[in-house]
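Taken straight from TrEMBL:
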COMPBIAS  233-243  compositional bias 'Basic and acidic residues'
REGION    219-253  region 'Disordered'
TRANSMEM  6-27  transmembrane segment
TRANSMEM  39-59  transmembrane segment
TRANSMEM  71-92  transmembrane segment
TRANSMEM  99-120  transmembrane segment
TRANSMEM  132-153  transmembrane segment
TRANSMEM  160-182  transmembrane segment
TRANSMEM  188-209  transmembrane segment
Amino acid sequence: MEVLHFLFGVFGNATALFLFLSPAITFKRIIKSNSTEQFSGVPYVMTLLNCLLSAWYGLPFVSKNNILVSTINGTGAAIESIYVIIFIIYAPKKEKAKILGLFTFVLTVFSAVALISLFALHGNGRKLFCGLAATIFSIIMYASPLSIMRLVIKTKSVEFMPFFLSLFVFLCGTSWFIYGLLGGDAFVAVPNGFGCGLGTMQLILYFIYRNNTGLSSPEMKKASGNGTIEMNGAEKPHQEKQGNGKVPQDEQV
């Protein structure tokens, strides 16, 4: 059982790393154009908070046998920090102020959780407090693809929901769900069970609409509401293919 627990944790690390690295194409484009264009920096800041809280929860003095949760989320926090810094550098003044404010909020929340858990809570109380905080933001991150799923249904096209990204959301959620079950940890199993379900829904939608040509450009613009397509919280012009700019669907674990 312990061997299976470890193996699913390693597999979860690999799939989650893919998801964390998937927005790299977006930031390559941002650097090349010296502009954040219509992309939103909010998902990256919130994913950073999610990674920080989950990495903290996985530490031995908070929860036992969850060091693999800490390794991948610590890595994710470093990657997301780079994304946030790049976004702040290239964002226009108004957006820069917004993201800086959110970044300050993220650091404040994480610091509060860490300090309270260190000095005011012990044992099961510490695990419960940190676990609830990590679970809430994990579910929020997994729920982020709902907007693109809605768009797929409206446009009858999977142009902005690439198969491999959806597949790795499913694999990541499933592996960490099983990891949580094997370890008897509801704070890992519950949010990732939610992620597994959403990943399954994305794959089902993909196979339903994969051969459809979708709506024409004017219809696509009308369906998206304002002429932009939102992929997990990051806006992009509707003319752009998803392969040229991805945003996080993290799995937070």
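Any Cβ shown, glycine's included, is placed from N, Cα and C.
Counting C-beta pairs under 8 angstroms (sequence separation of 6 or more), the transmembrane segment (160-182) fails to reach the transmembrane segment (39-59), with fewer than 3 such pairs.
Contact between the transmembrane segment (132-153) and the transmembrane segment (71-92) does not hold: fewer than three of their C-beta pairs are under 8 Å, each pair 6 or more apart in sequence. Beyond its flanks by at least six residues, the transmembrane segment (99-120) meets 41-42, 45-46, 48-49, 52-53, 56, 62, 84, 87-88, 91, 126, 129-130, 133 of its own chain at Cβ-Cβ distances under 8 Å. Nonlocal intrachain contacts for the transmembrane segment (71-92), taken as residues 6+ away from its ends with a CB within less than 8 angstroms of a stretch CB, comprise 12-13, 16-17, 20-21, 23, 27, 30-31, 34-36, 39, 41, 44-45, 47-48, 50-52, 54-55, 58, 99-100, 103, 248, 250, 252-253.
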